[in-house]
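Enquirer: Feature annotation from Swiss-Prot assigns active site, nucleophile to ASP149; the stated evidence is similarity to another entry. Residues or ranges marked as active site, proton donor in Swiss-Prot (evidence: similarity to another entry): ASP243. The substrate binding site feature in Swiss-Prot is assigned to ASP221, TRP222, GLY223, GLN224, ALA225; the stated evidence is similarity to another entry. What Swiss-Prot records for CYS39-CYS71, CYS121-CYS151 is disulfide bond, and it gives similarity to another entry as the kind of evidence. Look at Swiss-Prot and you will find ASN79, ASN156, ASN176, ASN181, ASN212, ASN232, ASN282 tagged as N-linked glycosylation site, backed by sequence analysis. Marked as signal peptide by Swiss-Prot on the basis of sequence analysis: 1-20.
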Amino acid sequence: MRWLLTSSALLVPAAALVRPDGVGRTPALGWNSWNAYSCDIDADKIVTAANEVVNLGLKDLGYEYINIDDCWSVKSGRNTTTKRIIPDPDKFPNGISGVADQVHALGLKLGIYSSAGLTTCAGYPASLGYEEIDAQSFAEWGIDYLKYDNCGVPTNLTDQYTYCVPDSTDGSNYPNGTCVNLTDAAPQGYDWATSTTAKRYQRMRDALLSVNRTILYSLCDWGQADVNAWGNATGNSWRMSGDITATWSRIAEIANENSFLMNYANFWGYPDPDMLEVGNGNLTLPENRAHFALWAMMKAPLIIGTPLDSIDTSHLTILSNKPLLTFHQDAVIGRPAYPYKWGYNPDWTFDPEHPAEYWSGPTSSGEVFVLMLNSEGEVKTRSAVWEEVPELKDRGTKKNSKEKKGFKVTDAWTGKDLGCVKDKYEVKLQAHDVAVLVVGGQC
């Protein structure tokens, strides 16, 4: 089965899950507890993160969701009478609603986590079969965002067929994005929106729509069951791969996979390459920078996953980049940046180690963002040639003219005015680093 999209792919005319007040129209911005603390969470850590989002200026930049991930409930089971999930009284002595009150008082929103199975990934009670009860609980507690995972699925509710997700988390090899050893592929024309996986997620969607509160719905089915085909009608974002880790190899692999899904991203629905690892692990500063820039240009949800009360200034600077956040949240243009040249590889090569290196995307202000990545492990030169950038090649000087095409260019990282750049912009990049250019008017 071939998963790889082609260069001729057009925008997908999928039905979108449109919510009131613009909720989910642009990609989510926020913070989540998992990459920072895993299961070691409590009310104090969540409220501290919320306060830091305000104190560090992140709220002013648009970050708004403070999301509680797995391990927030009593692990032994539900209330035997009401069947409701019980918040852990040791971790959350005032319940989830108590945390919601504090988060809302800061002008922020609160998110929570469950799974479309019997248990969560950490073994806590999940929502399969209790969708309406849990949606009502979430609404009553003041929840604004639900991350819905794919763990704890009973064997009688697994899919009849297997969809090809070319991701290393299952240990297989995927030559150029294909699943050569897939033995139970769906027949041609099969509608994955009717699959058991899709129905599990649709049940929670319907439950959330039935309550008197707008809750952003973030699907986390790891790309299974061709979620790209039905995710936009079901949720506001959908995971397209297995979990991220704080390693460059994994970040590059996910960026490569997601680069072939950009035609699915637009207002109200976004493929999700997982939460940010900026500030975590042993990532170099260039790798942190490249990670954030790629996610922002792909218009992925930008969900911070590091302890904010101890964040390094250099990492905060990356997360606070105004030009990239402005591109990411453009209220007029919903499409993300697209790769226009692979650089290290021939175009349209599926390579987990070397994702597409040249990206561009338009803005409502008329500027064009151009990203150049050095996917190699040593210093390399990269060049943005204006005639190769789709949004620029038809502007200005005619192709047959001897005069070189020039544009006003600004460095998105430093804010430095690079002046009138003729023909191309060339830069030396450290291993796994990026340059992001804001290309303005002709000069």
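Any Cβ shown, glycine's included, is placed from N, Cα and C.
Situate these features within the shown structure.
Expert: ASP149 (active site, nucleophile) carries a strand DSSP state (E or B). For ASP149 (active site, nucleophile), applying a Cβ distance below 8 Å and a minimum sequence separation of six or more within one chain yields ASP70, TYR113, SER114, SER115, ALA116, GLY117, THR120, CYS121, ALA126, CYS220.
Secondary structure at ASP243 (active site, proton donor), as computed by DSSP, is coil.
DSSP assigns GLN224 (substrate binding site) to a helix.
DSSP assigns CYS71 (disulfide bond) to coil, not to a helix or a strand.
Under DSSP, CYS121 (disulfide bond) is assigned to coil, being neither helix nor strand in the three-state scheme.
All protein chains considered, the CB of ASN79 (N-linked glycosylation site) has 11 other CB atoms within 10 Å. In three-state terms derived from DSSP, ASN79 (N-linked glycosylation site) belongs to neither a helical nor a strand segment and is classed as coil.
ASN156 (N-linked glycosylation site) falls within a helix when secondary structure is assigned with DSSP.
Around the Cβ of ASN176 (N-linked glycosylation site), a 10 Å sphere holds 13 further Cβ atoms from the protein chains shown.
DSSP assigns ASN181 (N-linked glycosylation site) to coil, not to a helix or a strand. Taking Cβ-Cβ distances under 8 Å and a sequence separation of 6 or more, the neighbours of ASN181 (N-linked glycosylation site) in its chain are SER172.
Note on ASN212 (N-linked glycosylation site): other Cβ atoms within 10 Å of its Cβ, all shown chains, come to 7.
The Cβ of ASN232 (N-linked glycosylation site) has 26 other Cβ atoms within 10 Å, all protein chains considered.
Here the Cβ of ASN282 (N-linked glycosylation site) has 8 other Cβ atoms within 10 Å, regardless of which shown protein chain they belong to.
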Enquirer: Are there recorded positions among ASN232, ASP243, ASN282 that sit within 10 Å of TRP222 (substrate binding site), Cα to Cα? If so, list them; otherwise say none.
Expert: ASP243
Enquirer: Quick check for the class: what is the C-alpha distance, in angstrom and rounded, between ALA225 (substrate binding site) and ASN232 (N-linked glycosylation site)?
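Expert: About 14 Å separates the two Cα atoms.
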Enquirer: Cα within 10 Å of CYS151 (disulfide bond) is the criterion; apply it to the binding-site residues ASP221, GLY223, GLN224 and give the hits in sequence order.
Expert: ASP221
Enquirer: Which state, by DSSP, holds ASN176 (N-linked glycosylation site): helix, strand or coil?
Expert: helix
